[in-house]
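Each remark here refers to the structure printed beneath this line.
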Amino acid sequence: MPAATDELFLRRAIRLAMNGRGMVEPNPMVACVLVRDGQVIGEGYHARFGGPHAEPSALADCRERGNSPAGATAYVTLEPCCHTNKKTPPCAPRLIEAGVARVVIGCLDPNPAVNGNGVAMLRAAGIEVTNGVCEGEAKQLIEPFLRSVEHDSYLTLKWAQSADGKVAGPGGKRTQISGPESSRLVHQLRARSDAIVIGIGTALIDDPMLTPRDVPLRRKPLRIVLDPQLRLPLTSKLVSTAKDWPTAVIHDECRTNSRHAEELRERGVAVHCSEHFGRRGQLEAFAALQLIREELGVRDLFMEPGPTLAGSFLAVANRVWVFRSLTSMNDSTAPAAATIPAQLVPSGTIRVGDDELTEYRRPMIDAATDRPYAVSASADLVLASSTPS
Ligand SMILES: NC(=O)c1ccc[n+]([C@@H]2O[C@H](COP(=O)([O-])OP(=O)(O)OC[C@H]3O[C@@H](n4cnc5c(N)ncnc54)[C@H](OP(=O)(O)O)[C@@H]3O)[C@@H](O)[C@H]2O)c1
Ligand SMILES: [Zn+2]
């Protein structure tokens, strides 16, 4: 099969896999497209956590359409699983039983129980396997999952800015910069994340709820405030709703036994400390991610930073979403957005209502060549661009 044909069907599988976004986590999004004589004869994707994997879905679709998978090529975005200690039976044996002739894979599954074993099982059964087709795109599709297997975090930053680069009104006053269609995307991303993170500056000025609203919600994301001096008011919306919505504050070590810490705990806020939060910079941002990962057990983070927090966390961000409105603030006292470093590369721009959304991603590195893959748009951006706003 010519390489261009393999890429075409693998890309079709990548796009199909995106339909599982928000429903399959912490599993990866995966899809499988079955092709014979250049025709798609069945396809399927992993649609929900605990539900069937992509390969059995594609095989079922193939049979429902009256086709036989025998002799077909299966295009799968991720190496078929072969381990049994999980919710669903393994997929590599299903492809073998179905008699497929060839399997084309986007990337290996780094999960130690798979990691090449799925490929080995297929080859041992006489199936031709090609791995690494559209590898960069296949990996970027599931970057949060890949990072989590490596015991690492995945951090998305998002903010809205006016046409002249301001993130708030005169003197930092709260101002709605982006339109309702952009807000809806933000609520979606909140709902798809393990945690929503803000700095105390924003908590004090905006007094946000930080809950995902008017979007499907599978679980309540944790709300985290980075608050070195433990200034979060007991009267804030975050604290007064903490018994209903999980809420955590991370602060500087010496305040653990303070009366304020005690009062926050009484209201249901989890109070964590790190000696690093009083200082600002990249190292502190690393330390914050580590604490959030290890003590709070959350990895896929959605941060809505003011310019101060952005200044520290851009150095460790994997992805940034910037909503740009068409209108200018025209006020020199309004705070300006942080500057996006050159290491974060634009991976797509779409129109959202009257706003423009640009996504930036930190390129993933191809371990075989030590070179960065070309960045591709995340599932969230692709889905946002194909949903009428
Ligand atoms: N347009 C948007 O999308 C958007 C989004 C969010 C906020 N805003 C606006 O931004 C303004 C607030 O921004 P801001 O810059 O003042 O506050 P911020 O970024 O929300 O919070 C900054 C504070 O976080 C704490 N912090 C903890 N760890 C930190 C670290 N590693 N690096 C830096 N700071 C750390 C510090 O508190 P301590 O000072 O106590 O040490 C710091 O002052 C408001 O006007 C708000 O409306 C706009
Ligand atoms: Zn599987």
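Cβ coordinates are placed from backbone N, Cα and C, and glycine is handled just like the others.
Per TrEMBL, active site, proton donor is recorded for GLU55. For the recorded site, GLU55 (active site, proton donor), the DSSP three-state label reads helix. Taking Cβ-Cβ distances under 8 Å and a sequence separation of 6 or more, the neighbours of GLU55 (active site, proton donor) in its chain are CYS32, GLY44, ALA74, VAL76, PRO80, CYS91, ARG94, LEU95.
Annotated Zn(2+) binding site per TrEMBL: HIS53, CYS81, CYS91, in sequence order. Listed in sequence order, the residues of the same chain lying 6 or more apart from CYS81 (Zn(2+) binding site) and placing their CB within less than 8 Å of its CB are HIS53, PRO90, CYS91, ALA92, ASP109, ASN111, ALA113, VAL114, GLY118.
The NADP(+) binding site annotation in TrEMBL covers ALA160, THR202. DSSP classifies ALA160 (NADP(+) binding site) as strand under the three-state reduction.
Sequence-distant neighbours of ARG213 (substrate binding site) (same chain, 6+ apart, CB under 8 A from its CB) are HIS187. DSSP assigns ARG213 (substrate binding site) to coil in the three-state reduction, outside any helix or strand. Positions annotated as substrate binding site by TrEMBL: ARG190, ASP206, LEU210, ARG213.
In sequence order, PRO208, GLU304, PRO305, GLY306, LEU309 are the residues of the chain that are 6 or more apart from THR202 (NADP(+) binding site) and have a CB within less than 8 Å of its CB. Taking a Cβ distance under 6 Å to any atom of ligand 1 as the criterion, the recorded positions GLU55, CYS81, ALA160, THR202, ASP206, LEU210 reduce to ALA160, THR202, ASP206.
Cα-Cα distance from ASP206 (substrate binding site) to ALA160 (NADP(+) binding site): 14 Å (rounded to the nearest whole number).
Summarising the environment of CYS91 (Zn(2+) binding site), the number of other Cβ atoms within 10 Å of its Cβ, over all protein chains shown, is 29. Same-chain neighbours of the substrate site beyond ARG190, ASP206, LEU210, ARG213, judged by a C-beta within 8 angstroms of the site's C-beta center, are, in sequence order, VAL186, HIS187, ILE196, PRO208, MET209, THR211, PRO212, GLU304. Within 8 Å of the centroid of the Cβ atoms of HIS53, CYS81, CYS91, where the record puts Zn(2+), the same chain has further Cβ atoms from VAL30, ALA54, GLU55, PRO56, PRO80, CYS82, THR88, PRO89, PRO90, ALA92, ARG94, GLY118.
Less than 6 Å separates the Cβ from ligand 2 in the case of none of the binding-site residues ALA160, ARG190, THR202, ASP206, ARG213.
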